[in-house]
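The structure appears below as structure tokens.
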Amino acid sequence: MARTDAMAPRTLLLVLSLGYAFGFNEPLNVVSHLNDDWFLFGDSRSDCNHINNLSQQNYNYMDINPELCKSGKISAKAGNSLFKSFHFTDFYNYTGEGSQIIFYEGVNFTPYVGFKCLNNGDNNRWMGNKARFYTQLYQKMAHYRSLSVINITYTYNGSAGPVSMCKHIANGVTLTLNNPTFIGKEVSKPDYYYESEANFTLQGCDEFIVPLCVFNGQYLSSKLYYDDSQYYYNVDTGVLYGFNSTLNITSGLDLTCIYLALTPGNYISISNELLLTVPSKAICLRKPKAFTPVQVVDSRWHSNRQSDNMTAIACQLPYCYFRNTTSDYNGVYDSHHGDAGFTSILAGLMYNVSCLAQQGAFVYNNVSSSWPQYPYGHCPTAANIVFMAPVCMYDPLPVILLGVLLGIAVLIIVFLMFYFMTDSGVRLHEA
């Protein structure tokens, strides 16, 4: 009986049938977009201009394809992040607009920096601030096209001026807090037990993200303990936003912030004791859009520096898709820049896809062996996500089509198996 090593046509047909039925259109672990209406916010790993500051002038420090540098769809600054620019004097004017928003930043404010507002403060409080900031930011950018950072002016009728309360130097990084602004104690007051107010106006944006912060604990000054309390009062609507100190602690005391989404209007900042704080910067949100989940790429150092998972905590379904690798960050330019795994994730920005989902991006919109979870776009076997519900509304037609195709695949497999068995029996009989 003759024998051949080549794959018989019928065997090849069987393999292709199985591959089509069980491995077609798998989700890709990338960030991508459905069309050209997208924008990326980043740091040095996507800052095309940073090459001018380097001794080794090549683009290996970036995790994006250099071809994207001329796209006009990136706002990024080496050494910075949206959180740093929002709170500190180290400022970059992050500005961008798009329907599909991608974030790849945050690593420049981690436990490696170890920021503390007070000498005996607690960096964990600031990690909590970071998580709350990005939670509000991601949720809002699922509903708005445009993001920018703006300054806020205020009017204070007292004689005291702004004071620097929070400054920290670590690992060569100096950070000075300037949002919110602290108003100093009036010289006519013997202590901090007095009420003070300042006026500020929010205008020019659809919504504003502003900080409301207190020292959550017993603040000691001149042998007296103070319970911090801060309020923002909307003069136009009568709505009062408040944040009070609730912890009975004296050590590990640090500034704790919540992040409010305020509408345009006239506001009064109020303090009942301790220092009055006034927002000096805001995230300006403009141009409402249909609900579109944002995409976040994990932003972390090589393991020789301490990182955090605050952006992962902030990025939750259904408003956010989180993308990550399973290995350590290991750059080629240096240990913290140019990682192959993250470059692979960002490579999805070079092309359009049909569908974005929890599992990844689907290139095609017909049939997939993986059922898209929390899908957005033209997705295989599923229609667009319905917001306000943690489940997907599915179009029955693709489901029927999938069932028909799977049924055909099963019939083909059964037929081929029967054919092979019959053919083998004939061959054995002839042999």
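Every residue, even glycine, has its Cβ placed from backbone N, Cα and C.
Averaged over the topological domain 'Virion surface' (22-399), the predicted model has a pLDDT of 93. The topological domain 'Virion surface' annotation in Swiss-Prot covers 22-399.
Under the heading active site, nucleophile, Swiss-Prot lists Ser44, citing sequence analysis as support. Ser44 (active site, nucleophile) counts 23 other C-beta atoms within 10 Å of its own C-beta, drawing on all protein chains shown. Following the DSSP three-state reduction, the secondary structure of Ser44 (active site, nucleophile) is helix.
Counting every protein chain shown, the Cβ of Cys48 (disulfide bond) has 17 other Cβ atoms within 10 Å. Under the heading disulfide bond, Swiss-Prot lists Cys48-Cys69 (among others).
What Swiss-Prot lists as disulfide bond is Cys117-Cys166 (among others). When secondary structure is read from DSSP and collapsed to three states, Cys117 (disulfide bond) falls in the coil class. Around the Cβ of Cys117 (disulfide bond), the same chain contributes Arg125, Trp126, Met165, Cys166, His168, Leu177, Phe215, Asp254, Leu255, each under 8 angstroms and 6 or more positions distant in sequence.
Residues annotated as region 'Receptor binding' in Swiss-Prot: 132-274.
Cys205 (disulfide bond) falls outside any helix or strand according to DSSP and counts as coil. For Cys205 (disulfide bond), the count of additional Cβ atoms within 10 Å of its Cβ stands at 21 [all protein chains shown]. Taken from Swiss-Prot, the feature disulfide bond covers Cys205-Cys284 (among others).
Under the heading disulfide bond, Swiss-Prot lists Cys213-Cys257 (among others), citing sequence analysis as support. Taking a C-beta cut-off of under 8 Å and a sequence gap of six or more, Cys213 (disulfide bond) has these contacts in its own chain: Pro180, Gln230, Phe243, Leu255, Thr256, Cys257, Ile258, Thr277. The secondary structure of Cys213 (disulfide bond), as reduced to three states from DSSP, is extended strand.
Cβ neighbours within 10 Å of Cys320 (disulfide bond), excluding its own Cβ and spanning all shown chains: 25. DSSP gives Cys320 (disulfide bond) a strand state. Feature annotation from Swiss-Prot assigns disulfide bond to Cys315-Cys320 (among others).
A C-beta separation below 8 Å, combined with a sequence spacing of at least six in one chain, links Cys355 (disulfide bond) to Leu34, Ala361, Phe362, Asn365, Pro372, Pro375, Tyr376, Gly377, His378, Cys379, Pro380. Feature annotation from Swiss-Prot assigns disulfide bond to Cys355-Cys379 (among others); the stated evidence is sequence analysis.
Swiss-Prot lists 400-420 with the feature transmembrane segment, giving sequence analysis as the kind of evidence.
Per Swiss-Prot, the feature topological domain 'Intravirion' maps to 421-431; the stated evidence is sequence analysis.
In three-state terms derived from DSSP, Cys166 (disulfide bond) belongs to neither a helical nor a strand segment and is classed as coil. The disulfide-bonded residues under consideration are Cys69, Cys166, Cys284, Cys315, Cys379. Their Cβ neighbour counts within 10 Å are lowest for Cys69. Cβ neighbours within 10 Å of Cys257 (disulfide bond), excluding its own Cβ and spanning all shown chains: 24. Rounded to a whole number, the C-alpha distance linking Ser44 (active site, nucleophile) with Cys315 (disulfide bond) is 21 angstrom. Distances between the Cα of Cys320 (disulfide bond) and those of the disulfide-bonded residues Cys48, Cys69, Cys205, Cys284 are shortest for Cys284. Secondary structure at Cys69 (disulfide bond), taken from DSSP and collapsed to helix, strand or coil, is helix. Nearest to Cys205 (disulfide bond) in space, judged by Cα atoms and limited to the disulfide-bonded residues Cys48, Cys69, Cys315, is Cys315.
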